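Novice: Dumping what TrEMBL says about this protein:
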{"type": "REGION", "residues": "A:1-35", "note": "region 'Disordered'"}
{"type": "COMPBIAS", "residues": "A:12-35", "note": "compositional bias 'Low complexity'"}
{"type": "TRANSMEM", "residues": "A:42-64", "note": "transmembrane segment"}
{"type": "TRANSMEM", "residues": "A:93-120", "note": "transmembrane segment"}
{"type": "DOMAIN", "residues": "A:94-306", "note": "domain 'ABC transmembrane type-1'"}
{"type": "TRANSMEM", "residues": "A:127-148", "note": "transmembrane segment"}
{"type": "TRANSMEM", "residues": "A:179-200", "note": "transmembrane segment"}
{"type": "TRANSMEM", "residues": "A:243-265", "note": "transmembrane segment"}
{"type": "TRANSMEM", "residues": "A:285-307", "note": "transmembrane segment"}
Amino acid sequence: MSVVSPNRDGRPASTRSRARAAAGGARPGAPKAGRPSAWWGLPALLFFSLFAVLPMVLVVYLSLTSWGGLGSPEFIGFENWARLAGDPVMHQAIMLTLLLTFGSWATQTPVAMLLGVWAAGRQRNRAVLSAIFFVPLLLSSAAIAIIWRALLDPNFGPLAQIGPMIGIPGLDVLSSESGAFLVILFVSGWQFIPLHTLLYQGGARQIPESLYQAAEIDGAGRYRSFWHITLPQLRNTVTTSSVLMLVGSLTYFDTVLIITGGGPGHATTIVPFLMYEAGFENYQYGYASAVACVLVAVATLASLLMVRFTGFGSMRSTREGM
Amino acid sequence: MIPHRAGAAGAFALLLFATTACGGGSGDSGGSGGDGELNVMMYQDSLAVVQKNAAERFNENHEDVEAVVNEVPGDGYEDKLRTVMGSGQSPDMFFNWGGGSIEAYVDQEMLLPLGATLQENPEMEEAFIPSILEAGKVNDTQYGIPLRGTQPVMLFFNEQVFEDAGAEPPETWQDLLDLVDTFKDEGVTPFALGGATPWTEQMWMQYLVDRQGGYEVFQRIQNGDSEGWRDPAVLEAAETVQDLVDRGAFGDNYASVSYEEGGASALLSEGKAAMHLMGSWEYSTQLADAEEFAKEDLGYAAFPAMPDGDGAPQAVVGNPTNFFSVTDDGDSEAEVDFLKQTYTDEYVQDMVENGEVPTTDNSEEMIEEHSPNPDFATFQYRMVRDAPTFQLSWDQALDRSVAEPMVTEIERLFNKQVTPEEFVDNVAALQ
């Protein structure tokens, strides 16, 4: 960090403009040449307004109507919202979504971090094994879901064949409510851990070797090095990865659609799936829009909270004091 | 990681733009008069060749109009139809299931009532089995003309498994219950059931309610009276379902067996299950996936009668047939001409040769002469012809906004996530 530079009128720059200066923005007194004009942002802004902001506004309007996709939407005020508030399926869907979001975060983070840190090292065969670990990242969600659905088939899947051999007949996880939910949790982990591993690998590679050398001289073992050097140094990576995980699991959909179809019963009907079901299967676009609004609100809130409480917004460097 | 929110929002927005653009979506474009094109929207599968041939014959006889068959892939057909109808790009005529599948369009006055057409063309009305034609009505007005073979639900069984157990196909309800025990002792699942695709579980409810309480019970519900669900026959059927589940009639992992991925049919063909309650298309499914089994060991029977049931023992449920409906654009001469194709000898013969069982009254001779499997086709034809009533599949009979949650409730009933009493309360509350 440079020393606080005075403005032209001699007052010290505010914290806010200091942050902007650090981000390479409007540094007071800098020559205007080479600074892109705000007009460059216009096309992106237009597209964003047209394809993100406008549809969101329309969805808010649709949530106040009754509409089956034919004719004009009929304005019904807050009827959909009242129904939403009293719908037991919605209550369960919100619980399941929160459970899935937290469960994904709690299981994927440690595994991805350990794998990532390991993959950043220089062990033998590391490159080959890392490549294998990353395979799920290369497959599309739909393909992954179909593969796991086939593997878990209670009559013809490999599990059903192996189960009786090792003395567990009827290894049928998808039939039970908790089993189906755990399958979704597991498959989503299997699919997304590689992505986060990649983030942690990158983060771990950025940690200066000298820190570990110093720790070694001071007599720290691998466990202490990890706890006191690697983990604190990965602070920003944890935040990035967690925001991606939280927002990602809030909008999780394809695996649920293909593996369980929201069932058995409503056991895996999470909010995004409920939205799909209400809109595209039951043709209740008004109600589905209300569900969509809730989802947008919750996802935005979750991201904001994450950024607020992890100090991600201030972009503190892990290298401070070095 | 896929931005579903934005995607769904975009889709809503596009639909909204489309509807407002056509001023209420009365479906007034794509008419047959102006551009000389008769646009026929058709469900895409191996049987659509019959309709394509019909279009060719139609075009030979019409110089000023050209019939164009647009095939839409089966998965998502209804969604696509809803989108084109909602956006004012409606086809001149389209394939559907009758009942609830077109109710929303009838409510929007987008379809042409065909009662007058039938009066002007008495031979059209006489061509079809009355109960089948009846299924093309919504609110007692004709909106559909049959275009395909009939698809009743029947009891399929594995003859080899029956022989090994020394058993006979069930004729009465007691027979059926005894068979459950017989096959459980043999270590065979009595009934294959694809519970992961719960519309297959619906077939049991349909037959049980029809046999217990008669055709009128569901007719009342279909006509919009949701209190009809509180008929004692529905509760009795729900209790029977859970009784069957408790007896082990469906084995213990049916909740995760999928029909669409072939799981349930494979259980039957591999002898792991003895019976399978399924639509008549099970025959061609088996023919495609397990040809030898279909030709050697696939048996079929009607659903047994219930003791003290009020329903007719010969009544059937399933899909009476599929229908062509005409969108109302003021000029329907070409469409009616095309509808006349659906009972010509060439058309019916085409259907029979493709393994379908037509719903016209000249079908029996056609089947004898041209069917690839005359025994099965004749059995099926007589079953439908002699049935006093033919209940359309519930999820097709009701509007989608009610049908989908109803199917989920049936799934929860089979999974014992609700009691029979809760089931009745839940479906009666659907609106």
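Cβ coordinates are placed from backbone N, Cα and C, and glycine is handled just like the others.
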Novice: Using a threshold of three or more Cβ pairs below 8 Å, and leaving out pairs closer than 6 in sequence, do the transmembrane segment (A:243-265) and the transmembrane segment (A:42-64) count as in contact?
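Specialist: Contact absent: fewer than 3 Cβ pairs fall under 8 Å.
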Novice: Between the transmembrane segment (A:127-148) and the stretches A:179-200, A:243-265, A:285-307, work out which stretch tops the count of Cβ pairs under 8 Å.
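Specialist: Comparing A:179-200, A:243-265, A:285-307: A:179-200 has the most Cβ pairs near the transmembrane segment (A:127-148).
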Novice: Should anything in the same chain at least six residues away from the transmembrane segment (A:285-307) have a Cβ under 8 Å from its Cβ atoms, list it; otherwise answer none.
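Specialist: Long-range Cβ neighbours of the transmembrane segment (A:285-307): 56, 59-60, 62-69, 73, 76, 80-81, 83-84, 90, 94, 97, 101, 239, 242-243, 246-247, 250-251, 271-272, 274-276, 278-279, 313.
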